[in-house]
Structures are given as C-alpha cells and as structure tokens.
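Below is one structure, written out as structure tokens; the observations come after it.
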Amino acid sequence: MASSAQSPHFYLNPGKSNSFQSKAYKQRNVNFYWNFGIRRLFLRKSQGLSVLSSSSSSTHFSNSQLHGLCANGKLEEAMKLLNSMQELRVAVDEDVFVALVRLCEWKRAQEEGSKVYSIALSSMSSLGVELGNAFLAMFVRFGNLVDAWYVFGKMSERNLFSWNVLVGGYAKQGYFDEAMCLYHRMLWVGGVKPDVYTFPCVLRTCGGIPDLARGKEVHVHVVRYGYELDIDVVNALITMYVKCGDVKSARLLFDRMPRRDIISWNAMISGYFENGMCHEGLELFFAMRGLSVDPDLMTLTSVISACELLGDRRLGRDIHAYVITTGFAVDISVCNSLTQMYLNAGSWREAEKLFSRMERKDIVSWTTMISGYEYNFLPDKAIDTYRMMDQDSVKPDEITVAAVLSACATLGDLDTGVELHKLAIKARLISYVIVANNLINMYSKCKCIDKALDIFHNIPRKNVISWTSIIAGLRLNNRCFEALIFLRQMKMTLQPNAITLTAALAACARIGALMCGKEIHAHVLRTGVGLDDFLPNALLDMYVRCGRMNTAWSQFNSQKKDVTSWNILLTGYSERGQGSMVVELFDRMVKSRVRPDEITFISLLCGCSKSQMVRQGLMYFSKMEDYGVTPNLKHYACVVDLLGRAGELQEAHKFIQKMPVTPDPAVWGALLNACRIHHKIDLGELSAQHIFELDKKSVGYYILLCNLYADCGKWREVAKVRRMMKENGLTVDAGCSWVEVKGKVHAFLSDDKYHPQTKEINTVLEGFYEKMSEVGLTKISESSSMDETEISRDEIFCGHSERKAIAFGLINTVPGMPIWVTKNLSMCENCHDTVKFISKTVRREISVRDAEHFHHFKDGECSCGD
C-alpha cells in the first residue's frame, strides 16, 4: 500500500510532497527520521555551545547549528543553544523548530518539548501546517491532549495528517465520543477526505464505545471513498464489528476478502473468542492451519485462552503439542498462557511441570503460578512460590502482592501478610487500590479489623471492591452495625454490586436487622442487580435467620431454586428443631430433581438430631452415598450428636471408635456436648482429653467442659478450666444481643450501663425476678445467693444480654407484639427459664436466635423442647 504524504506516521514529513522524500534520503543510514536532508554545515565542534560570540550571531549560522544538533540527537546541547539564541534574540526558523520538536518526541522529553512549544508560541502568531503537525504528534505521543487541542486551534491551516493525529490520539486514550466528533467535523467542516490511516482510528473508536450504528456509518464512508478492498481498513472493520457484537457481519467481510493477512485471521478468530463463540473460533483456527497459514504469537495466545475458557483439558493438551511444533513453545508469553490454561482447568500439576521447564521466567510467569495456586485452593503453595520468586531476585508488582495477600487471607497467615504490607509501602505499591483492597481482606480475615479500617480510610479513590471488602470484613468480625453504616455511606458515591449486597445481607441476618434487609430487598427489585446471580439466596437466608419463615417461603417460591436455596430452608427448620419439616423438605427437594450435596445432609442430620429422630437420621446417613455424597467428618459429628442427644452415649462412643477416618475435635466435641446434656462427667472428660490433644485454641470446647462441670456442681473443676483458658490466652466474646424496634436495631452488652433506658430496663427485669421468686424459680441478679464461680460462669459464657434486649422490646412496643432477639453467644439455662417465664407472664411470643439454636417462646414453652 502506498504511503500518503498526509499519513499519520510520525516518520513522514507532513505538509510536503512525497517527492521530497528522495530515494537517497530513505536509504541514508541515520537513526533520526526528522533529518530533512540539510547537511550539517557550519557545525561547531567546540564544547562551548551554550554561548554565541558576536561573530557567530547570524541567524542562518545559528539555525544551521541547531538543526545539526537535532540531526545528531543531541537534545541537551540543542536546548542550550536554543536558550542562547533566545537570549540574543536570534530568530529560529520553522523547519528548525520542526526538527527540535521531533527530537523531543523521539527522546520522550516532555519538559523540553513544552519549553520549545512556549518559545514557538511566543515568537509566532499562528502555527504553520508542518510545525503544527509536529507539535500535534509530540503532544499526542505524550498523552497531552489538552495542549494538542490548543495547537490544533492555533494552526493557520490543517491537512489530513493533522486530523488523523488528533482523532487517533483521542481514540487511543479512550475518548471515543470526542474522536467521533472530530471525525465528523473533519468531514463536514474541514472539507478533508479520509484515507487509509483515518478509517482504522475511527473504527477503533466505534469498537471502543461500542457503537454499532456509528460503525456502520463509517463502513458506508469506507465504501464511498473507495477503500473497501484495502486490507488494513477491512481488518479494522472486522475488529469493529466483533467489538460491537456483530460477529455475523464481521465473518461476512472476512469471507469476501480477496486477500487475507495474519491480522485478518487474528481479528476474526479472537473476535469469536471475545463473543463467547469459542468453538467457532477454534474451527476457523483449524481452517487456517488447513490453508497452511502460519500462526503468530497473537493467534496462539488467543487459541490457548479459548481452551482456558472452555475448560477442555484434552483440547488444551493438543494445542500445547501443536505449539511445540511451531517453535513458539519457548516464547515466554506463550508459556505464560499455557500455564494459565492448565491452572484454570485445575491441572495445576501440569502447570507446575511447564513452569519448572521454563528457561526464563518474568513477573507474569511467577504471578500466574501464585494466582493459580490460590485459585486451586492451594494457598500454601502460593506463598511458597512467592518465597522462591524472592530468592530468584524477581521484584513483585501490585498483582503479585495482591495474589499473595489473598493466599495469606485464606490461611490466616498474619505474619506473611504484615511482611507484604511493609513491602508494599517500601516499593510504593500501597497506592494501587488492588493491593489496598487485598490488605483489607487479609487483615479482616486475620481478625485485625481496626488495621483494615485504617487502610480503607487511607485509600484516596475507593472503588466498589474497597467498600465490599470492608463491609464483608466488619461482618466477619461481628461488627455488623458498622457494616450497615458503611453500606449507607457507600451508596452516597457508588452503587453496590451483588457481592456488596450479599455481605450486607449477611450482616442484617447476624443481628436480626429485618428492616435494613427489606430495604436492600427493595433496592434489588428496583435496580435488578444480582437477580440472576446468588443474591436471591442471600435474601432467602436473611429472612430465615431473622425468623420470618413466611416471608422466606414467599422469596423461595419467587426465585430460581438450586441446591443452596433448599439447603437454606433445611438449615432454618433444623435450627428450630423441626425435624419432621426438615424430612418433608428433603423429600420435596429430591422429587424436584435437585441433587443433594454434603451441606444438605448436615442440615438433615442436625434436624433429626434436635428432634431425636434417631432411626430416620441413621437411615439418611446410610443412604448418603446413594446420592453421590461421601460422608466426611462433619457428617460423622452429626451422627455422634444424633446418638448423644438421644441419650445413647455409649453407642455414640462406639460409633467414634469404628469410624473409618480419624475423628477430629468436632466429632469429640459432639460427644462432649451430649455428656453435658446428660451430665456424664467421665465420658465427657475423656472426650475433652481427645479434643485438647488435637486443638487447644478453640474456646468453644472449654466452654462446653465448663458447662458440664457447672451443671454437675463441680465448681473447682470449673475454676481449673478457667485457668487453662487464661494460660492459653483464650478469651470469650462479650455477650451481645440485638433487638429491632420500629425499624431500628438496638444492641445490648452484658455489662451495658450506659443505655439511656437502663433504669427502666432494670426495673422491668427486677419485677420479673421478684415474680419468679414468688413461684419458686431461680434467678440471676446481684443479690443471688449462688456460688460466685457459678455467677461468674454464667456472666462470662452467657452474659444475660438477651434479657435486657427483651425488656427494652417490652417497654417500646405495644402489648401483644412479638419480640425478635439475636444473640452472639448461647443462652444459659437460667436465661432460658427466665424468658419462658416472661413469655407466659406478658403473653407475648419471643424469639431468640443464639449461637446454636432458634428458640421460639410462647405461653411459657420453647420450641427447642427444653
């Protein structure tokens, strides 16, 4: 294709005819394209070029010197000479300015280029086409569209090169609307006809928006001006159509091409892949091979990416074998793509082999492996690979640090996370929002939420992921109030996505914030965000955990149902001890042809356990493999709980001894809890011994043992367990309960003395305590005659915060209205008896969801049966 004098290639001399580009000039061995054939006459070879003597002050001589310096690429000396010429008021010729501007562009010297620009403007009222084009090309190359636009306005005359450069500059930086406006202005105001360089720029703009209607309009112009057979223009048209999703039109153009180059094939093949038509793209690739067209790097990386999207391991291996025959297997970008393909397909061992055989590894290679390990749930290997990378003296970038931080978050590896935080600060990677977001996630999962908050507040431009990370982190650290406050703050500047709202709904479910959950539901219905994703299940879970089963059923019936939807309902009824309903739901689920998973059977077994449906529970356990589910340790723990709650402790112990796998602390914990229920100290101590051999850091097992001893009156043993906890540095979360009144959630701590209605709350509770004493029921108050150790045990492991929440609800709601309370710890026996008494006395329904059960109190009875 012949190059036009008005083309946007920077190495041509715009504004002059092609005859000026002589054959001798083109063949000259000069590295600088701005040498216009003027020989380096009168060039001074002395070092004192910054000062001009009076004898050398002629304009012609000075301009010749300056032009010669530009021709030799000596920018620093050229700038010194320019400054001296300005001091002596020696005029600079326009062609010398052009040479100097092109040198600044080639050297990427933005500061010097701006200075030359200022000098030129101060000495000229307007810019000629050649100098204006030089400034345009320079500023566009620097990404400075503001000054480029100003230069464009100062030009006394413009040619096609001027328009092409500016349109291309706007398109390259993503200002597609502005680029299209310039194109139309060029046609209708500038009176300039587009050429083979104009159309690719404009078509790139249409594909970038994307705007198919404008793209078709430009296609009409291509035909009108006679460029429909130009291969570069047609390639640009194909790319535009596939970017706009019109693959059919792109293929029509492709099939009509009289001649195709590798760019044509790549545009069509990658276009199929970008539009999710991987099989069609692969068919075209095989057709290309059949025509003996050799692929290039772009072809192969695109095809490998398609195999990755398809998850087809066999096809991926075939493509890998073909790549080896092409000789591109040693190319690092191809190796990186193959590694990514294997990792995404779950074939991490094959990725390891390929990675180990790579002769040279760049930062992308290491980051791909680290991210791939994390993707395949191998965070240990991800961190080990990072250590290897460090030993190989490869400096991580922001993507690497983010990937390793994600692995640290999965493992709860705070030490490595802090190390990476320091590295990010030192390497100035902390300014990348992806690093900050992953630091928030890491600190949140390592229970350092205050550190996560510090990082969040220091992010100058928070994106949706930043807000989502901190909201999820606050929820994870049981600071649900703050999570919901952050959601409201986020809505002032950004729209939450489905993941954000899912985290917020989990916070609502945790503290029983029904009204806030309903607000989120209304937002979802109004905006439609996440309706086809996992958000409906999050809404269902929120209603179930807030105790609104009728609303939960309405949500369940209105949404697309998957195994997670059924599991949420099963868990909800299981927590309420409604085993018959759990069994009925399971049967309906199977009849609906939804395949149960391991979580389904956990809920099913727990439901049978709490309803003492031993026979049915054992039957379902024996049939698990019929549904393709292999029992794991959680299921074995459920069976132990099933037998233990029913009083069959010896059978439960024998079941543990016959397990085909080694029991974990959860299995022994289920037996310990059964011993607590039935006051069996010997077997309980045996269970605790096995637990503490395996796990000395889980506070819940210490609480179970304490409760076993306390229920049997062994207060010295309670004190011993308390000392063990202290020696191991274990603490119990403070008791906290939440109650929603008039759409607002109120929190109550066990030792809360600062609530504005504390006096009224205490008065109400004391009234109930007096009535309980009158009928011979025990109570917990400061005047209790109970052993101090027992009082301490109840205060620590329960806190009685639900009593304050219930009293607050009674004070601030009308008689007869149900009260819903959520608690972070388990209810103690005394609180359970107290709430039963209150429900009977005030004739109200009171629901309390604690850490283990859902208690529904009515007329002095509880749904749990205790």
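Cβ coordinates come from backbone N, Cα and C, glycine included.
Marked as transit peptide by Swiss-Prot on the basis of sequence analysis: 1-52.
Annotated repeat 'PPR 1' per Swiss-Prot: 58-92, in sequence order.
Residues or ranges marked as repeat 'PPR 3' by Swiss-Prot: 128-158. The helix, strand and coil residue counts that DSSP assigns across the repeat 'PPR 3' (128-158) are 24 helix, 1 strand, 6 coil.
Confidence for the repeat 'PPR 4' (159-194), expressed as mean pLDDT, is 91. The repeat 'PPR 4' annotation in Swiss-Prot covers 159-194.
Residues of the repeat 'PPR 7' (261-295) grouped by DSSP class, helix first, strand second and coil last, total 26 helix, 0 strand, 9 coil. As annotated by Swiss-Prot, repeat 'PPR 7' applies to 261-295.
The repeat 'PPR 8' feature in Swiss-Prot is assigned to 296-330.
Residues annotated as repeat 'PPR 10' in Swiss-Prot: 366-396.
Counting same-chain residues at least six beyond the ends of the repeat 'PPR 12' (432-466), those with a Cβ under 8 angstroms from any Cβ of the stretch are 398-399, 401-402, 405-406, 408-410, 412-414, 417, 420-421, 424, 472-474, 476-477, 479, 494-497, 500. Taken from Swiss-Prot, the feature repeat 'PPR 12' covers 432-466.
Taken from Swiss-Prot, the feature repeat 'PPR 14' covers 497-531. Beyond its flanks by at least six residues, the repeat 'PPR 14' (497-531) meets 464, 467-468, 471-472, 474-475, 478, 480-481, 483-484, 487, 490, 538-539, 541-548, 738-740, 743-745, 747, 820-822, 849 of its own chain at Cβ-Cβ distances under 8 Å.
If you look up Swiss-Prot, you'll see 532-561 marked as repeat 'PPR 15'. Broken down with DSSP, the repeat 'PPR 15' (532-561) shows 21 helix, 0 strand, 9 coil.
For 562-596, the entry in Swiss-Prot reads repeat 'PPR 16'. Taken through DSSP, the repeat 'PPR 16' (562-596) splits into 26 helix, 0 strand, 9 coil.
Here Swiss-Prot flags 597-631 as repeat 'PPR 17'. Outside the repeat 'PPR 17' (597-631) by six or more residues, the chain places 563, 566-567, 570-571, 573-575, 577-583, 586, 589, 638-639, 641-643, 645-646, 648, 853, 864 with a CB less than 8 A from a CB of the stretch.
Positions annotated as repeat 'PPR 18' by Swiss-Prot: 632-662. Residues of the repeat 'PPR 18' (632-662) grouped by DSSP class, helix first, strand second and coil last, total 22 helix, 0 strand, 9 coil.
What Swiss-Prot lists as region 'Type E motif' is 667-742.
The region 'Type E(+) motif' feature in Swiss-Prot is assigned to 743-773.
The region 'Type DYW motif' feature in Swiss-Prot is assigned to 774-866.
Cβ atoms under 8 Å from those of the repeat 'PPR 16' (562-596) belong to residues 534, 536-537, 540-541, 544-545, 549, 552, 556, 603-604, 606-613, 616, 620, 627-629, 849, 853-854, 856, 863-865 of the same chain, restricted to positions at least 6 beyond its ends.
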